[in-house]
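TrEMBL has this to say about the protein:
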- 1-94: region 'Domain I, interacts with DnaA modulators' (REGION)
- 152-282: domain 'AAA+ ATPase' (DOMAIN)
- 163, 165, 166, 167: ATP binding site (BINDING)
- 341-460: region 'Domain IV, binds dsDNA' (REGION)
- 368-437: domain 'Chromosomal replication initiator DnaA C-terminal' (DOMAIN)
Ligand SMILES: Nc1ncnc2c1ncn2[C@@H]1O[C@H](COP(=O)(O)OP(=O)(O)OP(=O)(O)O)[C@@H](O)[C@H]1O
């Protein structure tokens, strides 16, 4: 037994190192590092965790990964068990959590109480949320709710496509409320977790406890509520919880991937309840917001790694080329950071394109140069033949440059290739055109708007 445990301790050390790479530094610090390996007996590996919630969370989110890696390293393990450590043994996750972005009191509280919620991500605060046109309203509403005061919007319903910041905003609200009012019981969880807890309570005949727990919170936040569509008894319970809390004037915040009315298989009475407060959506990101997010993240990263050098134009290129989903954008940036730290060199546009070729391909909208030319010609009311013809007067040349610019930023075509498609022009002419538009758009808001509008309609 002793020998086996020593071996496993060593394996666990190696598994942790692999997971550090796999799940990222923040996840690692929050969830993996605080785990304490206890023993491996009869195929069951036991870990000590600071709280039940943490155990559940790790099991659900990282259990498979841990198990797989242990097996790969030769351990005879078939199951993981997470046991709450006696006080003072394992350290609470949040006390060691990432960059200190979240208020310390709130962190301590979130960990210390057995509320029925999921842990909050310390990175998701208002501080780290970049505001732009597409998310302005959602952000303002979230701020208002987080500031407390009389409950005016109930529920606050946030919706939007994948990776646009719904979860981030919800966590930010939770952190802020807890920082302002540490005595409030704020519970954040996904609709899936709500169902999981509900089913567990049913199975273990603890419905009274379940009801009591959920009705005793001050702020309830349920993420991805579309998940309960079609799940009748969970919907029913959710409806009752919702009503009980609203009756007590407790704040409810809900998110989903679409507007309440568009969630299929959701009971009408729930739809109408969800619509009864404030419904705001997070629009797909635009170029400016994407660039803002990239710049903010690079600035943060540089605080830790001042040696990072990213050439001019790289972030602009990414903001142009990567889809509206912020998660993909972040993934690309993380890859660049990793790349930079490995090769220790400046990240040029070329290197970025190289390192991110798969991501760029995946988010390639496959717009053709010809489509761009047509769209631009239509927009500026010039003929296609003029777009590729020799005329040089400004009323023709400027739209042509706009089209060249869009061709360069929206397709993977090289400059000579683009030149060929513009009536056999030289690549330096294309380069000049692209640069000219790049310069002009800074001071010329009309041009900037035209570009955005054209891009959007080409992306559709
Ligand atoms: N405006 C923003 N500023 C900074 N980071 C952002 C912003 N919007 C999104 N992000 C980041 O993008 C990632 C995805 O965001 P989040 O998980 O909140 O998306 P979501 O809308 O909940 O997506 P899903 O529908 O997949 O649940 C997160 O890491 C988040 O921090």
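Yeah, the Cβs are placed from backbone N, Cα and C, and that goes for glycine too.
When the neighbouring Cβ atoms lying within 10 Å are counted for each of the binding-site residues (163, 165), the highest count belongs to 165. Its Cβ placed at the centre, residue 167 (ATP binding site) has 19 other Cβ atoms within 10 Å. Take the mean position of the Cβ atoms of 163, 165, 166, 167, the recorded ATP site; other residues of that chain with a Cβ within 8 Å of it are 160, 162, 164, 168, 169, 255, 282, 326, 327. Counting every protein chain shown, the number of other Cβ atoms lying within 10 Å of the Cβ of residue 166 (ATP binding site) is 24. Here the region 'Domain I, interacts with DnaA modulators' (1-94) has, by DSSP, the following mix of helix, strand and coil residues: 52 helix, 18 strand, 24 coil.
For the region 'Domain IV, binds dsDNA' (341-460), the DSSP counts in helix, strand and coil order read 88 helix, 1 strand, 31 coil.
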